[in-house]
Amino acid sequence: MNSTSSFTRAVTIRQLRSLLCPCGTLSTSSQRGNRTKARNALGTDDHLPVFQYATEKTKRRKRVYVWGSCLTGALGHDKLIRPKLGHAPRPSHNKPYRLPFSEFYLVDDVACGYGFTLFSAQEDRVKNPNKVYGTGINTDFQLGYQCVRKGRPLKVLTEPVGIPLSLKKDSTRILRVACGRSHSVVLTDNEGVFSFGNNTFGQCGRPVVQDESPESYAVPRQVQGIPGKIIDVVCGQDHTLFLTADGAVYSCGWSADGQTGLGIYGSQGTPGLVNGDLSGVRIVKIAGTVDCILAVSDSGDLFGWGNSEYGQFGRQTDEKQMCYARHLNFPYGKVKAVASGGTMCGVVTESGDVYVWGYGLLGLGPEVSVKTHPTLLPRPLFGANRFAPDIHVVDLLGGLNHFAALNNKGELYTWGKNNNGCLGLGHTMDQYFPFRVSLTTQILKVSCGVDHTAVLCQSFC
């Protein structure tokens, strides 16, 4: 019995050794020789193993990542606000969180308002026939009329819900969504622009009605009075800007600081043409999160109007407000992209350089908070180095007190006030220079709110 057991163990060990040992059951010297040959063979790139986990036919899905304040419902996940029994609600989420809604609906656009988020998604007749969805604060019906019981509209939505639009054709597509402080705007491909939410200052593009019932805000209405085809919409705090295909800019809403550019310091409900130095100029891009507006022409010239209390236009004028559009002298090349927050401005040149000015956390370190002239942020802050010298910024976005920059590799960098973790860096401390957000996807669009951020991405596989 002992001899049989010893023989069995010897055979088993010999078999295991042949399976586990990469060089087989050879002598020690033979093993060393084989290892040396294998090491020499693997020394060349031609013999290195290559693994392809996703084929070229793999479909790349669009996904949405969100972060920042949770308690408003703007992040669109109910469990963050109403967790399981024994768990406390999470006040904020300071790093990217993949929104479950985008796993079930094909999202095309996203926009962040003041405590709420708007999405456009391809309709699904089985799941939900709507093309626009919203989540978060709904005190002014900026997410439409939502109720569970009749006569009891919901003031806060913890997950995205559909917002019905009175579209004439089922084939109409949603091109863009935009959000202000308490109003929403939706741009379609062939049925114009729809708006809903608070219209106290005419920001929805219709005349102000005295003593209007808040419930009437919930009805999406088509914006009238703008000639030509509208190709882009931008919402400030309580005003709205419209860009037409021929490069004209129209605006409406609150203009206490001249942010409509209509030559008034008041409110206007019907959209009017922005003139001043924009007369005869073709505008291709507009930016304005609050009440300071920047615009770029097709020739790369920079224009601005609105609030200048923090030196946003300090080199051009000593006025604190500008109600007419003015050409801004920018001596560092043609402008490609612009961003404007509450107190600071930024531009991206055609060469990919970023310049900032104004007041706040500009990205120039903890010792610099005021700049009255455009100041360059070095390219290495956005990922450029001697191994990758061609990396440059292609787009710049502004929140109320923070910036977000996107480079040509699809990487996102944020800096500024980190209210409720809205920078997505995994902490809630303020960031004094650009720092990369950990996202392993190709970023398509970034939208910055007051204290939350949403990103539309495309997966690599």
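Heads up, the Cβ atoms here are built off N, Cα and C, so glycines get one too.
Just so you know, TrEMBL annotations never went through curation; they're auto-generated.
Looking only at the repeat 'RCC1' (62-123), the predicted model's pLDDT averages out at 94. Annotation source TrEMBL lists repeat 'RCC1' at 62-123 (among others).
Summarising the annotation, TrEMBL assigns domain 'RCC1-like' to 63-455.
Annotation source TrEMBL lists repeat 'RCC1' at 130-190 (among others).
Residues annotated as repeat 'RCC1' in TrEMBL: 191-246 (among others).
Under the heading repeat 'RCC1', TrEMBL lists 300-351 (among others).
According to TrEMBL, the feature repeat 'RCC1' maps to 352-409 (among others). According to DSSP, the repeat 'RCC1' (352-409) comprises 4 helix, 26 strand, 28 coil.
Annotation source TrEMBL lists repeat 'RCC1' at 410-459 (among others).
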Quiz prompt | Helix, strand and coil counts within the repeat 'RCC1' (300-351) (DSSP) | solution = 0 helix, 26 strand, 26 coil
